[in-house]
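Here's what TrEMBL has on this protein:
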- 7-30: transmembrane segment (TRANSMEM)
- 401-420: transmembrane segment (TRANSMEM)
- 462-486: transmembrane segment (TRANSMEM)
- 497-614: domain 'GPI ethanolamine phosphate transferase 2 C-terminal' (DOMAIN)
- 498-519: transmembrane segment (TRANSMEM)
- 525-543: transmembrane segment (TRANSMEM)
- 550-568: transmembrane segment (TRANSMEM)
- 596-614: transmembrane segment (TRANSMEM)
- 621-637: transmembrane segment (TRANSMEM)
- 652-670: transmembrane segment (TRANSMEM)
- 677-694: transmembrane segment (TRANSMEM)
- 714-855: domain 'GPI ethanolamine phosphate transferase 2 C-terminal' (DOMAIN)
- 812-833: transmembrane segment (TRANSMEM)
- 845-866: transmembrane segment (TRANSMEM)
Amino acid sequence: MNLKSENFYFILLITSVISSFIFCIGFFPYSVIQNSSNLSDSEIEKLNLPKINRSVLMIIDALRLDLIIDKNNFPFVHELLQKNEACMLQMKVNLPTVTKPRITALTSGTVPSFLDVARNLGKSKIYLDTFLHQIHMKFQNIVFSGDSAWFMFPDKFFKRTYANFDSFFVNDFYEGDKNITKSLAFELKQNDWRLLILHYLGLDHIGHVFNPYHELVPEKLKEMDQVVKVLHTKVAEWNDKSKDKSVIFLTSDHGMRNAGGHSGNSFQETHIPFLMIGVNCSSNSEIFYNQIDFATSFSIMSGLPIPKSSIGALIPEMMLDMDEDKKLDVIKIVNQRLLNMIKFDKSEEFYLKQQKAMSLHKIYSEDHNNKNAYQQASKLFMESSKDISERLAQQSLEVNLFYVLLGLFINILISIALIIPSDISKVRDLKVATMKFIPIILVGCGLKMCIFNEIFNLKNDFSSFFVIILMSVIVRIVGDILLLKIDKYKLHLFDNDILYLLLIGHFFFTISVGSSSFIEEEHQIWYYFCNAMFIILTFYEFRGRKSFETFFTVIIQCFPILIMHIFIRRMNQTGDKWINVQDIGDWLHQKENEELLHITIIISLAMTAVWLIYVHVKDKVLVPFVGLGCLFLYFHHSRSMINERIDLSTTTIFWINIIFIIFITILFKLTGKSKSFNFFVIFVLISLLLHQPQNLVMCFALGVSSMLTNHACNRMIKSSHEKIVAKIIMHWWLGKLFYFYQGNSNSLATVDTNAGFVGQTHVNMTIVFIFSTINTFNGQIIALMLLIISLVEDSKRLMIDSKTLMLQLSKWLSFLTIIPTTVFLVIITLLRHHLFIWSVFSPKLLYDFCTNVLLLIILVIVRSVVKFEGGNIL
């Protein structure tokens, strides 16, 4: 079998995606569970500690610290705090700040990995040792009501459940929470449960749609305050009748950033309140306990074994009704338990603190009047426990350095093959035979068993051998392509300076990924580059225009587009530094500006309809259907403005209209009356369905920006080859620009999850994933489609064959993506211990990998379906 030279760049893109995937497998840490012995549990049991009777764990999703500090939001809670019938502590949560990993940390005392963000949207089960498991093993009952994320635990843990199966439907501010409160009224009359879990989602949903400063937030928090009042009344009754206390725990899974949403590492997202209600305890506003400390502390106060995987320290304030002797003994036992879980040198500071605390503990045990010894011992034990817990948290997230370096090496090899200039038309085809791969596979397996296993502590399992074999094959293919290109080395210089300017700009973007600040504010780079590009293109449009009429025509064509970019640039604030500043989108969504938002929707849809009909609709019979589609979209977005579930009639008719367009297109294709599939028109209409109301103008703006770019390229560049290259680079830039215009960033917190649930009454995660992907990367996808449409038209006009066009498309898109990705992989490998590696660099890596996968999918479709000689299939 031969690999044709015209397919080399496409093959390099495929191998780059595979090697980047291997890199990601190694780079993103997986959580290593470190189990402890049962010795500490037996020691605690001997102390005969007081135990709580029943407990209620109330989680208000996305409740950040400042929201509960405000007395106006929780008047009853603050009344309890003043009466010493409750106490408030503060907690810090680890990344990622999304629900499932945080619930896992809360119940097990472990630190979930970064890739648990993906599991947050899935239905995978958790089989860790948790206090839920320990309660179940004691044959005691748990009742749960709220977020269906808790169903990641085995069903047998729960006696009764009242799950909100529409947990991801973020426009539900009230219904789900009311159902939880309704179930609460029944459960408070029952006496067959030990733990009641309530997980309210309304506040989190308001944050996703708006922000924590919206007028709906105080109303929602007062609703939660009333729930606390109902709970406190009942718990007070139980405590009057029983010697063992019942307790309400009020906390959150994570916080909320100032712009709404979460998953980042801002203070507002990672710091949450923790309250114990119904008991006399001490508040503490000076210390931030870790969220993983709750599992250990709750287990001890409930008389349960500590979860074996827990690496959390102790929260002393949770040791209720406990004398000083027993409290110090518990702190000491927990500290020793953590010490037994870690390998350490006796010169380590946490060990020295522990030894000093042991000496002070001995002094106190001999003289109970020595309060100073008690306080110092307690303090040193706690500090030692905290230090060990933090060390264990770092060690529990392991990076597979072998996979990281293997993926990095192949990406560097691919980048070298891309950079070397050659006349690909004269490069001979690559002969692929099985016998060519056997030697390098044997060498790879031999190196693994003899060297890599020892250096990287690898096992001889199937997965590692599979990766070695796969990567050995890739190295051989890429290496052969590299040698063939070197053999036909030929430096090609461009005639037009604009191409060098574009490449220099892309070079600056490539090196900018070495700075965390540039990654957080990447949108500023594209704003500057693209605005400069538009100004240069406008300048070229003015050149050679001598008559006033032609000069005026250019003004009419270019200046409205430049003004439009000034406007839509301010539609959605993004990045990190200015994310909290009010933008046009926020202003339009204010209640007093509702009419202006209606007008914006109408104008945006009307402009898009005109653009589609006059530029992209080739079959006039489809014109009414496009118009109807935009009309249905108006009704859809008008209803979304008032935060109602989208009624099925509107979305159903819209999809029926889309089906009609598809049916008519297929019918016309079969009868030979049409040469177009109208796929682009269909995709734009679906994109408009998923966009937020203020973003409806984006598709039209991208379309006219593409028209300006194509027109300017056709005028100022004479060479057909250079014209193609310039259009590819400029459209790639446009895709990046509109990605940020839409409000996206390199933070996972800006993903508009609401788009995934458009038109759904029940969650289908496949549809959610597809819709969210289309919406998030919409600018890049449409820019690539517009590029392909333009190149198809050029191929007809300039008589360029499809092979040449596909070759240039694959070559330059590979160049624009693989080189920056490789540089970024090198940087994050070197900076893998950087302070912002998980909060800044890792989300950027995920976004870039997804972009490259989408690009590969689009190119596969184009190569498989597009026949450039046969008309515009888009």
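Every residue, even glycine, has its Cβ placed from backbone N, Cα and C.
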Q. Top stretch among 498-519, 525-543, 550-568, 596-614 for CB pairs under 8 A with the transmembrane segment (677-694)?
A. 596-614
Q.
Let me check one thing: do the transmembrane segment (498-519) and the transmembrane segment (525-543) come into contact, meaning three or more Cβ pairs under 8 Å with sequence separation of at least 6?
A. yes
**Q.** Helix, strand and coil residues within the domain 'GPI ethanolamine phosphate transferase 2 C-terminal' (714-855) as assigned by DSSP
**A.** 113 helix, 0 strand, 29 coil
Q) the transmembrane segment (462-486): which same-chain residues, six or more beyond its ends, come within Cβ distance under 8 Å? A) 3, 5, 8, 11-12, 15, 18-19, 22, 403, 406, 410, 413-414, 416-417, 420, 422, 424, 427-428, 430, 432, 436-437, 440-441, 443-445, 448
(Q) Over the span of the domain 'GPI ethanolamine phosphate transferase 2 C-terminal' (714-855), how high is the average pLDDT in this prediction? (A) 89
Q) If we call contact 3 or more Cβ pairs under 8 Å (sequence gap 6 or more), are the transmembrane segment (812-833) and the transmembrane segment (7-30) touching? A) yes
(Q) Within the same chain, where does the transmembrane segment (7-30) have neighbours whose Cβ lies under 8 angstroms from its own Cβ atoms, ignoring anything closer than 6 residues to its ends? I mean 6 or more beyond. (A) 113-115, 397-408, 410-411, 414, 417-418, 424, 427, 430, 467, 470-471, 474, 477-478, 481, 484-485, 806-807, 810-811, 813-814, 817-818, 821-822, 825, 828-829, 832, 842, 845-846, 849, 852-853, 855-856, 859, 863
Q.
Please count the residues of the domain 'GPI ethanolamine phosphate transferase 2 C-terminal' (497-614) that DSSP assigns to helix (H, G, I), strand (E, B) and coil.
A. 93 helix, 0 strand, 25 coil
(Q) Let me spell it out: take the transmembrane segment (596-614), skip the flanking residues so only those 6+ beyond its ends count, and list any with a Cβ under 8 Å from a Cβ in it. (A) 588-589, 623, 626-627, 630, 633-634, 637-638, 641, 681, 684, 688, 693-694, 696-697, 699-700, 703-704
(Q) Below 8 angstroms Cβ to Cβ, which residues of this chain, lying six or more residues outside the transmembrane segment (525-543), approach it? (A) 498, 501-502, 505, 508-509, 512, 518, 551, 554, 557-559, 561-562, 565, 569, 705, 708-709, 711-712, 715-716, 730, 733-734, 736-737, 740
